[in-house]
Amino acid sequence: MNCRELPLTLWVLISVSTAESCTSRPHITVVEGEPFYLKHCSCSLAHEIETTTKSWYKSSGSQEHVELNPRSSSRIALHDCVLEFWPVELNDTGSYFFQMKNYTQKWKLNVIRRNKHSCFTERQVTSKIVEVKKFFQITCENSYYQTLVNSTSLYKNCKKLLLENNKNPTIKKNAEFEDQGYYSCVHFLHHNGKLFNITKTFNITIVEDRSNIVPVLLGPKLNHVAVELGKNVRLNCSALLNEEDVIYWMFGEENGSDPNIHEEKEMRIMTPEGKWHASKVLRIENIGESNLNVLYNCTVASTGGTDTKSFILVRKADMADIPGHVFTRGMIIAVLILVAVVCLVTVCVIYRVDLVLFYRHLTRRDETLTDGKTYDAFVSYLKECRPENGEEHTFAVEILPRVLEKHFGYKLCIFERDVVPGGAVVDEIHSLIEKSRRLIIVLSKSYMSNEVRYELESGLHEALVERKIKIILIEFTPVTDFTFLPQSLKLLKSHRVLKWKADKSLSYNSRFWKNLLYLMPAKTVKPGRDEPEVLPVLSES
C-alpha cells in the first residue's frame, strides 16, 4: 500500500515550534527586534571538549571576517556553539561563521524590517493548506527559549484567542472554512530585566476535500494547430486533477516509434485552492507529412473516469493564412492610400479658398436671390479725403467698386455715391447696412473718425447681436496698435483679416481678391469684357 493512502493522511498537524537542536539552514531571514540564535550542528552530536577553541566571525559585504565576542555588542551572547542576539537588529545582516578545529559552518543572515501596522510581518509567514473536515491542530511552543518564556498568546488575524493554557496555547479540531486566516504565536520572555517577544505566523487556507475532485482537461476538446514542414511544435496539455490521477499522450501506432516525437516530463503544482495543476508537453521535431492530419490525444485518467482532448496538425496554407507577398502588397497599398489621404487633406486645407470658388463657379450657386437685400456689401472707410489719406480713399471708392462691381458683378453701397444728400444721415446709414449682406471695413491708422463711428457701431450691432450681416476686415495700411478700436471689433480682428499689398494685389487672380471673393456671398460672376486684368499701381504708404 502506498504511504499516501494510509489513514494518517486524514490528520493534519501544524506544530508551531522552533525546537531544532541546531541551525542547519544556510540562508535565514528573521525580523528585527526579536531574540534569535545560531547553533552549530556538530555540538549536538559530540561531547564538547573544554579545551577545544570555538570562534564566531561576521562578514558584511566586502569587509574581512571580524571575530565576535561579548565586548562586540551588549546584544550579543556567546555560549560555546551558540550565538545569541538580544535582540537581532537590521545592522546584523551579513554572513556568520563558526569555527571549531578544522571545521567551519557558514550562515547568511538577512534581517528584515518589522511591519509596525500589523502583529506579524508578511515576509515571515508560512503558508499551509488544510482540507475541510480534516483534523487541524496548532500548538505554540518554543523549546530553546522555553525556560525564559513567561506566557504565550495565540492570535487569529491579529485578534487574541481566549484559550485555557497560557503557557502553550493549542487548537485541536476538525477544520472548517471559518478557520481560514493568519495564526500568530507570540511568546513573551524576560532576559536581563528586559521584555522580548518571539512571533511565528502561519497562513492557514482551508480547501475542499481534494480526494473528491473530478479531473478535467483545460481548453477546447479539439485543437487545430497550424505548422510548417521542417519546423518544431510543442503541444501543451493541462489539467486539474487529484494527486493520484495520471495524464498521458496517445497517438497512432504508425507514429509510435517516430524518433521526432517526444513526451516531456510532467509538471505539477498545487493551486491556492488546494487542487493539483498538471501539465504535460508533447514535442514534435522536424515536422513531416506523416505528422499532419493525425490525432494526438491527451488523456487524464482517474478512478472515476477519463477526459480526453485532441490536437491535429495542419499545414499553414490549409488554414487560409494570407501569403507573405499578398500581405506585403496589401500593406504597401494601405500605406500609399494613407499618404494620399494625408496629402489630399493638406491640399484641401491649403487651397480651400480656390476649391470653394471653383465649386461656386461649377454649380453657379447664388445666395443673393431670395434674401430680400439690395446690396452685397456696405463699404465703411475714412470719409476725410486728405492728402495723407488719398490712396485709402481711392481704394474704397474706386478700386473696390471697379473690381467687385464691374469685374465680378457685385453691388456695393458707397457712402459718397449712394447716400442721398440732405437726408437723415444716421437713419440712412442704418437702413443701408440692414439692406447689405456684408460690411467691408477698410482699416487704417486714421479710421476711427466721427463720420464712420456710427457706421461701425451699427454694423457691429447687426453682426454680433442680430447676426444679420458678416463683417470683412481689410487692412489697407499696416496697423500695429488697435487700441483705438471697440472691443467687439478687436474680437473680429483676432479672426481672419485681409491685408492689401499693392505690389502683390494688383492682379484679379491674386490671393487678396480670391480671399475677398471667398468671404463675399456666393453669386454668379459676370466679369466685364472691357476690364483689364490688372489694377493701376497703388503704393502702401
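Cβ atoms are placed via backbone N, Cα and C, with glycine included.
For Glu455, the entry in Swiss-Prot reads active site, with the evidence type sequence analysis.
Secondary structure counts, DSSP: the domain 'Ig-like C2-type 2' (133-212) has 9 helix, 46 strand, 25 coil. Marked as domain 'Ig-like C2-type 2' by Swiss-Prot: 133-212.
What Swiss-Prot lists as domain 'Ig-like C2-type 3' is 220-312.
Per Swiss-Prot, the feature domain 'TIR' maps to 373-520; the stated evidence is sequence analysis.
Under the DSSP three-state reduction, Asn91 (N-linked glycosylation site) is assigned to helix. Summarising the annotation, Swiss-Prot assigns N-linked glycosylation site to Asn91 (among others) and lists experimental evidence as the type of evidence.
In this view, Asn102 (N-linked glycosylation site) is surrounded by 5 other Cβ atoms within 10 Å of its Cβ, with every protein chain counted. DSSP classifies Asn102 (N-linked glycosylation site) as coil under the three-state reduction. Positions annotated as N-linked glycosylation site by Swiss-Prot, on the basis of experimental evidence: Asn102 (among others).
For Asn150 (N-linked glycosylation site), other Cβ atoms within 10 Å of its Cβ number 11. Annotated N-linked glycosylation site per Swiss-Prot: Asn150 (among others), in sequence order, evidence recorded as experimental evidence.
Listed in sequence order, Glu34, Val186, His187, Phe188, Leu189 are the same-chain residues six or more apart from Asn197 (N-linked glycosylation site) with CB atoms under 8 A from its CB. Taken from Swiss-Prot, the feature N-linked glycosylation site covers Asn197 (among others).
Its Cβ taken as reference, Asn203 (N-linked glycosylation site) is surrounded by 15 other Cβ atoms within 10 Å in the chains shown. For Asn203 (among others), the entry in Swiss-Prot reads N-linked glycosylation site, with the evidence type experimental evidence.
For Asn236 (N-linked glycosylation site), applying a Cβ distance below 8 Å and a minimum sequence separation of six or more within one chain yields Ser279, Lys280, Val281. In the three-state DSSP scheme, Asn236 (N-linked glycosylation site) is classed as strand. Per Swiss-Prot, N-linked glycosylation site is recorded for Asn236 (among others), and the stated evidence type is experimental evidence.
Swiss-Prot lists Asn255 (among others) with the feature N-linked glycosylation site, giving sequence analysis as the kind of evidence.
Taken from Swiss-Prot, the feature N-linked glycosylation site applies to Asn297 (among others), supported by experimental evidence. Reduced to three states, the DSSP call for Asn297 (N-linked glycosylation site) is strand. For Asn297 (N-linked glycosylation site), the Cβ neighbour count at a 10 Å cut-off comes to 15, with all displayed protein chains included.
The annotation signal peptide is assigned in Swiss-Prot to 1-18 on the grounds of experimental evidence.
Among the features that Swiss-Prot reports, transmembrane segment is placed at 330-350, with the record citing sequence analysis.
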Pairwise Cα distance for Asn102 (N-linked glycosylation site)/Asn91 (N-linked glycosylation site) [Å, integer]: 29
Between Asn203 (N-linked glycosylation site) and Asn297 (N-linked glycosylation site): CA-CA distance (Å): 40
Other CB atoms within 10 A, centred on Asn91 (N-linked glycosylation site): 10
Mean of pLDDT values spanning the domain 'Ig-like C2-type 3' (220-312): 86
